[in-house]
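Trainee: The following block contains the structure, expressed as structure tokens.
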């Protein structure tokens, strides 16, 4: 098996792991929040990251991966920024309507494309731009219901979009710049993310829910779902870094919208959530956009691979 085939197989595996684990944790958290009344999302995320770090530390002790220290400032800044972006997304949901929050998530792709074009001189072809437009239109039709605006909510949403975009671009660039794996980056940044959310989590959750996470009644069923959610989160966090490292922040966001469509479908099929023809139409349009995006990316990657060997003889001639 060639290196290119191994890379493609690894990418498919990372994408599949990300989809399965993310859909699983959404269903688990929905039961925890909606059915059992545990509405402390930010605090729960800090526990997710703490369990992820402990799991990776155990994996390091078992020598399943190698610890590779690098720029401590970059790791700290990256970890804290990731924690802040998660907190801002939760605040955005708390201070905006669900429809406007969905629009906020949709804005992450065009914002990422803009930042990568301006600061990294990355080129996105017309076909890629068209497929992304179709995808966003489909997800918008399926998920956006109302658009109630307010100044504070809009500012929080803008900050959430910017911090999320920058954090995801950094996930990709740090792995390439310092030549670290997704596991090595996640292991070193996890404590900073967890600490940031552990400090601000109870305050944010109290602000959004008017409840105290420490005063909540933790029944055996609630504890079971919290532990299950934390265990699934190890796979979610690992696959997130893996996907962004192997592909790009934009591809990760496209994958995120696929998860949204799958969650809607699972919600209807398993939990009997309300479903309309608008949801079905939106999901179908989004799937068309995803298929087009995948096809265009595959086509462009094949063109790059074909062009690479053609350039080698030219360089050899120049050098001789």
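Using the three backbone atoms N, Cα and C, a Cβ is placed for every residue, glycine included.
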Trainee: Which range, 127-145, 184-202, does TrEMBL list as transmembrane segment?
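Mentor: Result: 127-145 is the stretch TrEMBL calls transmembrane segment.
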Trainee: In terms of Cβ proximity under 8 Å, which residues at least six beyond the ends of the transmembrane segment (74-93) contact it?
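Mentor: Same-chain contacts beyond the flanks: 41-42, 45, 101, 104, 153, 156-157, 159-160, 163-164, 166-167, 170-171, 174, 178, 185, 188-197, 200-201, 204, 208.
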Trainee: Kindly say whether the transmembrane segment (45-62) and the transmembrane segment (127-145) touch, using the definition of 3 or more Cβ pairs under 8 Å where each pair is 6 or more positions apart.
Mentor: no
Trainee: Where, among 12-33, 99-120, 127-145, 151-171, 277-296, do we find the most CB pairs under 8 A to the transmembrane segment (221-243)?
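Mentor: Counting Cβ pairs under 8 Å, the winner is 12-33.
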Trainee: Would you kindly list the residues that approach the transmembrane segment (277-296) from elsewhere in its chain, counting only those six or more residues past its ends and only Cβ-Cβ distances under 8 Å?
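Mentor: Those are 125, 127-128, 130-143, 251, 254, 257-258, 261, 264-265, 268, in sequence order.
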